[in-house]
Amino acid sequence: MARISRRKFVAVTGGALAGVAVGAKMVEAAGTNAVPAATDPYAQLFLDQYNKIKSSANGYFSPAGVPYHSVEKLMVEAPDHGHESTSEAFSYWMWLEATYGRVTGDWTPFNNAWAAAEKYIIPTHTDQPSNDGYNASAPATYAPEWPNPSSYPSKLDSSVSVGQDPIAAELRSAYGNSDIYGMHWLLDVDNVYGYGNTAGSGAEGGPSAAGPCYINSYQRGSQESVWETIPQPCTDQFKYGGPNGYLDLFTGDQSYAQQWKYTNAPDADARAIQAAYWAYRWATAQGNASSVSASVAKAAKMGDYLRYAMFDKYFKQIGNCVGASSCPAGSGRSSQHYLLGWYYAWGGAEPGGGWAWRIGDGAAHAGYQNPVAAWALSTVAAMAPKASTGKSDWATSLNRQIEFLRWLQSAEGAIAGGATNSWDGQYGTPPAGSPTFYGMFYDWEPVYHDPPSNNWFGMQVWGMERWMEYYYLTKDTKVKPVLDKWVTWVSGQVTVGSGGTFSIPSTINWTGQPDTWNASNPGTNSGLHVSVVDKGTDVGVAAGLVRALLYYAAATSNTAAQTLGKNLLDALATHTDTKGIAIAETRSDYNRFDDPVYVPSGWTGKMPNGDTINSSSTFLSIRSFYRNDPDFAKVQTYLNGGAVPSFTYHRFWAQADMAMAFATYSELFGGGGTISPSAPASATASATVRPSSSPSRTVSPSPTTSPTGGTGGAVTATFHNDSDWGSGFTGTVTVRNNGTAAIHSWRVTWTWGGNQQITNSWNATVTSSGRGVTATNASYNGTIAPGGTTTFGFQATYSGTNTPPTLSASGS
């Protein structure tokens with residue numbers, strides 16, 4: 001079953017509803033990279049999948065170099081269109097490129113992904129121009145949340161006290177300005193809706209503006225599914241919607257001002273930080289940490305601002321916060337729960353308005369926590385935040401996340417939903433007997449209820465994969481019992497058959513509740529239970545599960561987990577197509593295309609394309625562009641009573657996770673090595689430059705030496721020095737079959753002219769005897785067709801002169 005409405009944001013805030021443009025920079029766009037042959041079959045599968053994702057023919061990236069949510073346009077789940085993008089997609093892109101750097105030694109794509117994020121999804125000063133008007137003593141004006149969209153707009157209530165923001169001053173001191181450095185969660189990449197909030201423009205440029213454009217959707221309570229949302233611009237200059245733009249659909253106020261607003265998805269920013277840590281670790285192991293240092297510093301900065309997700313929405317005290325008027329406003333750190341909340345948001349007036357606001361979130365979901373990010377930000381010097389309390393906050397957060405994990409484990413082993421400091425989003429009274437975590441109330445479905453936020457099995461996988469990585473890195477004994485129990489549970493729910501068949505949980509259900517948390521004497525949670533409702537074949541979730549099992553297996557030497565992970569990975573690999581790895585899925589939820597969208601009686605407005613917004617609006621009526629999609633005919637047939645439509649989707653995050661699953665197996669159990677240096681790619685990469693009169697340019701590293709040929713004959717070999725840093729180098733040898741018949745084995749020999757010593761090799765068996773070197777084919781690359789080639793590589797040390805060798809080659 002596909003994810004539906006995973007993302008919910010309620011950012012009704014202060015005064016109203018909740019820079020300098022980046023210069024021309026080359027960012028990685030959809031292009032085909034010619035990469036060297038891999039260290040083993042699973043590394044090669046990673047490269048194959050990576051090349052499909054990066055191929056311009058496959059449509060994962062926009063012309064500007066921004067990853068789409070999916071290749072396919074007709075797509076409704078958390079984003080309501082496939083050619084939107086998310087901070088989720090950007091974070092997976094960064095993670096994918098970090099993995100590519102480990103496999104190839106080429107860190108340019110990783111750095112380019114961060115450059116693209118700064119240009120397109122981290123708002124520039126032009127996009128958030130009035131933060132200097134922010135008052136940390138009064139961060140936002142309170143407005144209650146309501147369960148149903150029909151209760152909106154929600155009236156602002158300045159009589160409710162709000163707390164103080166304790167980190168604004170130190171952030172300004174550390175970074176020299178009042179802007180927020182975090183990703184907004186949603187982009188309209190192709191400007192399909194037509195608001196034209198082009199990144200870097202600070203404008204509402206309309207349908208003719210270039211994408212990608214900032215956009216937002218969810219605003220109206222826990223029951224607002226994607227099918228009930230009204231998309232709105234992030235910068236609302238009242239050009240579309242009604243007389244007040246879209247503001248008075250969400251908040252009730254005496255008057256409305258043109259303004260901007262953004263919402264951050266903390267799990268995505270944390271994933272970007274996690275990816276940066278792995279990039280730093282792998283590049284350091286390659287002796288090349290400097291190649292990623294600038295991007296790693298950006299991740300540390302992002303982590304500083306991500307702390308806004310650790311605070312109650314209105315900075316009220318954490319714990320037993322019941323009654324909007326009676327719950328005390330926070331002071332100092334009394335409003336900080338130290339978990340990753342569901343969002344943080346910020347906004348302000350258009351230039352000249354003189355005000356801005358910020359909010360956190362008092363609701364935390366287990367699936368959003370990221371111990372790898374917290375650990376890296378608090379213990380790795382290169383990733384230490386600059387603000388005075390950034391590092392210590394993340395150290396506290398790591399311990400709090402560990403406690404949260406332990407508190408939420410069910411009797412069977414799955415991890416329950418989370419906790420909230422504000423019941424029903426209005427500091428309401430929770431059900432009698434609700435267990436608590438540091439005074440926050442247990443919530444089995446934090447934040448959104450259509451569908452319940454913790455019924456999607458993907459939340460289990462996303463959250464627990466991070467915990468498996470954390471244990472692999474730290475061997476923290478506090479979490480191992482939780483991981484053991486979860487792996488035992490999930491292993492019993494996964495089946496892998498023959499011919500690529502498999503099934504994993506899709507929907508799960510919850511009953512009971514945990515014990516109130518007592519850190520010194522934790523309960524057993526014997527009354528908290530999970531059941532599996534149905535199973536499916538979600539490629540992205542399965543790939544994440546593979547990685548969770550493999551990290552656990554590597555950390556604990558658990559051969560059963562390794563075998564299950566490998567079997568599931570191999571089953572997934574059989575579902576390859578020209579664009580990636582995908583399995584058809586039926587979308588019975590597409591009967592909601594004609595769901596009504598609540599609009600208050602008498603409210604009338606227009607979408608940028610002219611679609612009317614009124615009390616008769618439906619999901620489809622304010623998205624009439626869908627009727628022009630070639631795939632819409634089968635949706636219409638379904639709406640008319642016909643068959644449930646089937647789609648084969650290629651979601652960016654899922655395809656990236658699939659690629660990384662191959663690389664993870666290679667690293668942990670194959671020939672890729674855990675942190676071994678890899679040969680940098682001598683690649684031809686297509687990239688996009690904006691702005692530029694030329695849409696792309698070809699880049700190719702210049703060789704440090706000219707390729708050196710081998711002896712003539714049916715089989716020849718040439719050597720290329722890929723990278724030389726004065727005391728060591730990496731090289732690639734290309735073996736060519738010049739004959740008229742295939743060969744099935746080959747051998748390359750040479751004698752060094754100096755003191756070169758090979759320290760690592762890939763894609764061949766390489767042995768040294770004195771100055772002599774012999775390389776023979778691996779088990780999987782001995783066969784070379786007539787006119788064909790294969791490659792292998794190595795890393796070596798030397799001192800003095802590094803003269804390239806003359807090679808001899810033979811084959812049979």
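Glycine residues also receive a Cβ, built from the backbone N, Cα and C atoms like all the rest.
Positions annotated as signal peptide by TrEMBL: 1-23. Annotation source TrEMBL lists active site, proton donor at GLU88. According to TrEMBL, the active site, nucleophile annotation covers ASP267. Positions annotated as region 'Disordered' by TrEMBL: 676-717. The feature domain 'CBM2' is assigned by TrEMBL to 708-812.
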Per-state residue totals over the domain 'CBM2' (708-812) - DSSP helix, strand, coil: 0 helix, 63 strand, 42 coil
Listed active-site residues (GLU88, ASP267), ranked by Cβ neighbours within 10 Å, top entry: ASP267
Between the residue listed as 'active site, nucleophile' and the residue listed as 'active site, proton donor': CA-CA distance (Å): 8
Average model confidence [pLDDT] within the domain 'CBM2' (708-812): 86
DSSP three-state assignment for the residue listed as 'active site, nucleophile': helix
